[in-house]
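Trainee: Submitted below is the structure of interest, expressed as structure tokens.
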Amino acid sequence: MRTHYADKVDSSLIDQTITLCGWVHRRRDHGGLIFIDLRDREGLVQVVCNPTESTVFKVAESLRNEYVIKVTGKVHKRPEGTVNPHIPSGEVEIAASDITLLNKSKPLPFNIDEYQEVSEEVRLKFRYLDLRRPEVAQRLKMRSYIIREIRRFLDERGFLDIETPMLTKSTPEGARDYLVPSRTHPGQFFALPQSPQIFKEILMVAGFDRYYQIVRCFRDEDLRADRQPEFTQLDLEMSFVEEKDIQQLMETMIRHLFSTFLNVPLPDPFPRITYDEAIKTYGTDRPDLRNPLTLVDVTDLMKSVEFKVFKEPANNPHGRIAVLRLPKGAELSRKAIDDYTQFVGIYGAKGLAYIKVENIDNGTGGLHSPILKFLPENVIAEILKRTQAQSGDILFFGADKAKIVNESLGALRDRLCADLNLYEGQWKPVWVVDFPMFDREDVGDWQALHHPFTALQETDPEKVIANPGDVLSRAYDMVLNGSEIGGGSIRINDIGMQYAVLKVLGISKEMAEAQFGHLLMALQFGSPPLGGIAFGLDRLVAIMTGASSIRDVIAFPKTQTAQCPLTNAPAQVETLQLETLGLKVSKHRK
């Protein structure tokens, strides 16, 4: 039906007759002429309808926004002063010789150009209209281009695109599984995969050496601000590799994507920091290195002070006291400090002590703080020295369990940087390495910080069982601007070590056989050294396109309550369907 897309219409086509198809983006009457902005997937073209073409003009008069049309006409240069430099077709217009109305549109629930005033739920309910907005469509096109380039990159390096099952077995991977009842095996269930982890390891045992997949994953977890119950991963695995092999390849890929699509050079190599360094310095294992603010530990200085708020956590083996220095922050108002105090309370902090450094040369006389009277002068002097405080700064203190201090001051660090626009540079990638293998609260069972198939730096299973808290893993996360975009590890390929890890996690040999027997069996038939990584593709595309949420780069996302306003899913099903599956709904949970 068409000869061209909008982005191909330019001055090279002047005096040629072409045909376009699309939607009426806007219709304007000016001095006897009707102008139509025709929109297709690739952009906008201005169409001019002259009353001398009576049939065309009559159709043009009847057109409304979002009507579907086909236009044939000759390409002309726009009159002087009417060029639009913001679109590829901005130097030309189409003098319509024929317009065909292909379909009408009902009155719109919202104007395509006025989406800012429309709630997200309404936009998702009418997602097919929301997707007509050029900026939304552009993000989905960019997603397609990025995926295509990723495939090309990996194909050229010997990776095989292999699909793994969508209907698999429920295993304890952290979040709840989405379960699928089996009609042919009453009382039994499939699970939708949280990741292809076990299958990709088995593919390495099978000898495929280099695997990748753009794969959908599912997690029935309590949704946080920017999570989806179904999401897309770039998943890959390699045999006969060490950490550096995977990291170097993935750095090359990410550098290539940023160079190709954003014309942005990323560092070579990416910097590396340990998990311990990240937590102590930034309060998080996903540090935004554009942010110059850092945490400084002063726990040792507070062990002998009389101030209980500091002394108790300083003498608690699970406690921490840290200081966050904000340069030129002494000008913050009391209200601003109160707001930040309330903010850190979200993360469990009981307060936010502070010292304003008004004049560093006047000693304690140049400081202002409600806590000064509780601290010896030598301690205050050492705090100022460690934090490299200057006149005009403010020092914020966190004192509690280390987890609370890290999370609250880490979040405050991010908040201050955003509020005051302290960012240095645009893109700061980093590898976080040397994660603990296991983690737990003060008391309680050990949990795998990543997953139970992660290889360990310790090679003796007995030492792992004896001192799990001392063991580091061979895991690595790629972090970009404070977002984890990829995470992976070298995997365990020794059955004895795998049983040791499962034992630490409280999983008996019998339970392990029941849950992971297929993997444990495979490990006994010549498993090569192997490792891999998975990238959150939604997050990566959102970062690269500047989207504020991953929902903006997913064609049909769920809401924050895991619902689809477009289809009204999830929904009830017929009783007969439940009976066929041997299911019965006992009650509705609110």
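For all residues, glycine too, the Cβ spot is worked out from N, Cα and C.
What Swiss-Prot lists as L-aspartate binding site is Glu173, Arg219, His450, Arg491. As annotated by Swiss-Prot, ATP binding site applies to Arg219, Asp220, Glu221, Gln228, Glu484, Gly536, Leu537, Asp538, Arg539. The annotation region 'Aspartate' is assigned in Swiss-Prot to 197-200. According to Swiss-Prot, the feature site 'Important for tRNA non-discrimination' maps to His30, Gly81, an assignment based on sequence analysis.
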Trainee: In whole Å, how far is His450 (L-aspartate binding site) from His30 (site 'Important for tRNA non-discrimination') when you measure between their Cα atoms?
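Mentor: A Cα-Cα distance of 64 Å.
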Trainee: At its widest, how many Å does the recorded ATP site span between Cα atoms of Arg219, Asp220, Glu221, Gln228, Glu484, Gly536, Leu537, Asp538, Arg539?
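Mentor: So the maximum pairwise Cα distance among the ATP binders is 20 Å.
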Trainee: For Leu537 (ATP binding site), which of the binding-site residues Arg219, His450, Arg491 has the nearest Cα in space?
Mentor: Arg219
Trainee: So among Arg219, Glu221, Arg491, Arg539, all listed as binding-site residues, which is physically nearest to Gly81 (site 'Important for tRNA non-discrimination')? Use the C-alpha atoms.
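Mentor: Minimum Cα distance from Gly81 (site 'Important for tRNA non-discrimination') across Arg219, Glu221, Arg491, Arg539 lands on Arg539.
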Trainee: How does the region 'Aspartate' (197-200) divide up by DSSP, counting helix, then strand, then coil residues?
Mentor: 4 helix, 0 strand, 0 coil
Trainee: Least buried of the recorded positions Gly81, Arg219, His450, Arg491, going by other Cβ atoms within 10 Å?
Mentor: Gly81
Trainee: Glu221 (ATP binding site) to Arg491 (L-aspartate binding site): how many Å between their Cα atoms?
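Mentor: Cα of Glu221 (ATP binding site) to Cα of Arg491 (L-aspartate binding site) measures 25 Å after rounding.
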Trainee: In angstrom units, rounded to an integer, how far apart are the Cα atoms of Arg219 (L-aspartate binding site) and Arg539 (ATP binding site)?
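Mentor: One finds 16 Å between the Cα atoms of these residues.
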